[in-house]
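Worksheet: the structure to be examined is printed underneath.
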Amino acid sequence: MPDSPADGTAAAGTGATTQATATTQQQQPAAQQQQQAAPAQTPQTQQEVDRIVLNYLNQKGYRQAEIALKREANLLTLEEQAAALAAKDKETTGAATPAGPLQPTHDKNEMGDPDAYEQAYSSLRRWIENSLDLYKPELMSVLFPLFLHSYLNLVNRGLKEQASKFMTTYKSDHLEMHSQDIARLATITDAQHIKENELAQMYKTNKYNLRMAPVSFELLIAFLQDNKFIVLLRIVNQHVNIQVGAAAAGEDEVIGIAGHGTHQLATFNQQSVALGQMPPDAAFREQVEQTLKEEEALAGGDTIMNGETPTSLLEEYKKVKTEAGVDSPSRDDVPLPPFKGSDIQAEIEALRDSRKRVALGPSSLPSICAYTFHNAQENINCVAVSEDATMMAAGFSESYVRLWSLNGEKLRGFRSNFNPAHIHDSNDLNRVKEKKGADSKKLIGHAGPVFGASFSPDNKYLITCSEDKTARLWSTSTLTNLVCYKGHNYPVWDVDFGPQGFYFATASHDRTARLWSCDHIYPLRIFAGHLSDVDVVKFHPNSKYVVTGSSDKTSRLWDVQRGTCVRVFTGHVGAIHAIAMSPDGRMMASAGEDRSIQLWDLGSGKRMKKMTGHQGTIYSLDFSQDGSILMSGSADCTVRAWDVKKEGSQGGAGHRILQDDREGTAAGSASGTVASSPVLAQGQGQGALGAGATAAAMERLNKKGLQTGPLESEDHLATFPTKRTPIYKVQFTKRNLCLAIGAFSGN
């Protein structure tokens with residue numbers, strides 16, 4: 001993530017673009033705890049020098065000299081200009097002109113210029129586009145009310161040609177959020193229409209509500225004043241209500257005009273989507289059924305247990321593999337290579353796992369197996385676990401990836417003195433491998449910190465991404481780098497393998513996500529639309545869509561065939577660092593810096609509910625195999641379980657207040673021996689807080705008036721705390737065992 005300079009006013013006020021070389025990544029757990037030193041605040045423009053001198057004169061009390069310098073340097077504020085004009089009018093006419101903050105003065109030549117609105121708006125738009133990513137989302141929010149009132153003012157002044165050109169040029173910037181309002185306002189062509197149009201009168205008589213951080217607000221006002229964009233300042237004063245500062249806890253924030261659906265995403269999110277499961281290939285299905293028949297024949301029939309004949313795998317497979325549904329995508333939408341024999345065996349193993357899957361629910365919480373990294377908290381950036389939980393990979397700031405074996409099998413790389421020309425088959429390959437092997441191996445190839453990793457579904461490959469702007473494909477059998485994928489212009493924050501294993505997607509600091517296939521070194525699709533870094537990317541279960549989460553506080557659903565955005569999800573008040581897709585492909589969960597989890601319906605694009613309770617940034621989310629339980633891992637050193645099926649509460653109801661210093665056993669956590677290199681410790685546990693103990697603790701807190709903890713939503717099922725281990729990754733296995741991975745923090 002780009003680090004913002006300490007002198008944000010100077011950087012953005014001059015319209016300069018700051019592209020910091022990011023050596024850390026805000027989305028990654030370890031990198032979030034590091035801060036760059038602020039750059040030296042050296043004046044670079046005459047305007048900054050003037051402001052320093054003015055500050056000195058103000059501190060010394062040299063009022064006349066300050067006013068004289070301001071007048072000469074054209075740095076008078078609106079109030080000072082109004083006061084100066086009032087004094088001048090009083091000298092010439094003997095009558096005073098009223099002055100105040102909502103009475104901005106204006107240049108007659110500027111107001112008479114028919115292109116004043118277009119010039120001011122285009123300059124502001126360009127300045128916001130080049131501003132720091134930290135402030136851009138908030139600054140972008142002011143463009144719509146300025147666009148709308150600029151158009152209405154042009155129409156009201158009878159400048160039909162300029163108004164039409166203005167609408168045509170800039171309306172595309174706002175169609176995504178305000179398509180209905182723009183369609184209605186575009187029909188207004190003269191002043192009489194404004195008086196008769198209810199929507200126009202609503203915008204003219206009500207202020208547009210926005211919320212900005214103090215720095216963003218100061219940057220905006222300073223830019224408008226420094227460039228003397230009086231026409232836009234008047235609109236801000238008369239028609240925009242900017243709330244400066246963060247919203248109070250539990251406050252329902254109104255963006256736009258109260259009672260009016262200003263953000264009309266419902267229209268944009270009505271695009272048709274195919275969320276059903278990808279229909280199985282007919283030839284592949286026949287091969288699986290034939291293999292199951294042969295295995296049953298070799299087994300000699302079903303064994304009778306307790307007087308009942310168990311259901312055969314073949315019968316179960318026929319029930320599970322249904323035909324394509326109404327909203328299932330076509331196999332032509334996502335071209336895939338021909339299936340292999342290993343794919344058939346993987347399908348049969350998945351069927352066996354489903355037989356042994358544990359049923360989960362509010363009364364049957366999952367078991368958690370926790371892995372803790374020691375001596376790695378400052379260096380580890382990402383963690384990935386294979387689907388069958390046999391391998392784990394971690395990316396480190398020292399530019400390497402370390403691979404662990406979790407099932408006891410040794411990892412065997414190549415000997416250093418082998419000749420590749422002598423390898424012709426698998427037997428030759430085994431002969432040139434190491435004889436003993438090791439529990440873990442280091443994969444070296446990246447030229448910068450590794451920020452993302454993902455295993456292929458068949459565990460044969462590992463894809464990683466780095467600050468060096470590349471993604472690399474590794475073989476887990478030979479422990480070598482196979483391909484280097486180049487295409488991004490800036491560091492790559494996240495990577496995710498598709499469900500079929502042939503495609504993968506990357507997310508980058510260049511504000512784009514990209515789709516790749518393993519057999520092409522250049523991207524197949526570029527997904528552009530986010531206003532800031534794309535921090536996380538996930539595939540939809542049917543491979544037809546990709547979901548991205550960004551620092552611009554939104555997440556988006558992209559069609560991989562067309563390369564276009566088909567859903568936009570807004571509602572978070574912080575960067576999004578975690579995304580999870582439900583197994584049936586109907587729901588998506590997102591979380592991040594605002595410590596809340598939001599559950600979305602992909603079909604309608606609407607938020608289903610908001611779940612709160614975490615006290616730190618949320619790093620990871622995952623659904624259980626049946627989609628009924630959602631697990632989350634956070635910087636607050638806890639794993640939490642959430643009830644997905646429980647309906648979300650309305651308003652502020654449906655929350656309970658918990659004590660900050662909750663005591664309990666660290667479920668699934670185990671201490672490990674401190675060593676000079678990263679050590680992996682493993683433990684296992686199950687449990688939740690007792691309802692009686694929690695109720696008694698809450699009653700004591702109520703009596704003492706200590707209800708200062710965070711609001712916890714009613715769909716929260718349990719908290720599994722660790723001692724001092726932030727949880728970077730949570731993942732369900734095929735049998736509904738929850739894996740939690742974190743790095744022990746000594747602080």
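Yeah, the Cβs are placed from backbone N, Cα and C, and that goes for glycine too.
TrEMBL annotations: computationally assigned, not manually curated.
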From 414-439, 648-673, the residue range that TrEMBL assigns the feature region 'Disordered': 648-673
Tertiary contacts of the repeat 'WD' (611-645), as residues 6+ beyond its ends and Cβ separation under 8 Å: 29, 32, 354, 357, 359-362, 365-366, 368, 370, 577-584, 587, 589-593, 595-599, 655, 658, 660, 667-668, 688, 710-713, 715-732, 734-736, 738, 740-742, 745
Ranked first among 443-478, 485-517, 527-568, 569-610 for CB pairs under 8 angstroms with the repeat 'WD' (373-407): 443-478
Rounded mean pLDDT for the residues that make up the repeat 'WD' (373-407): 92
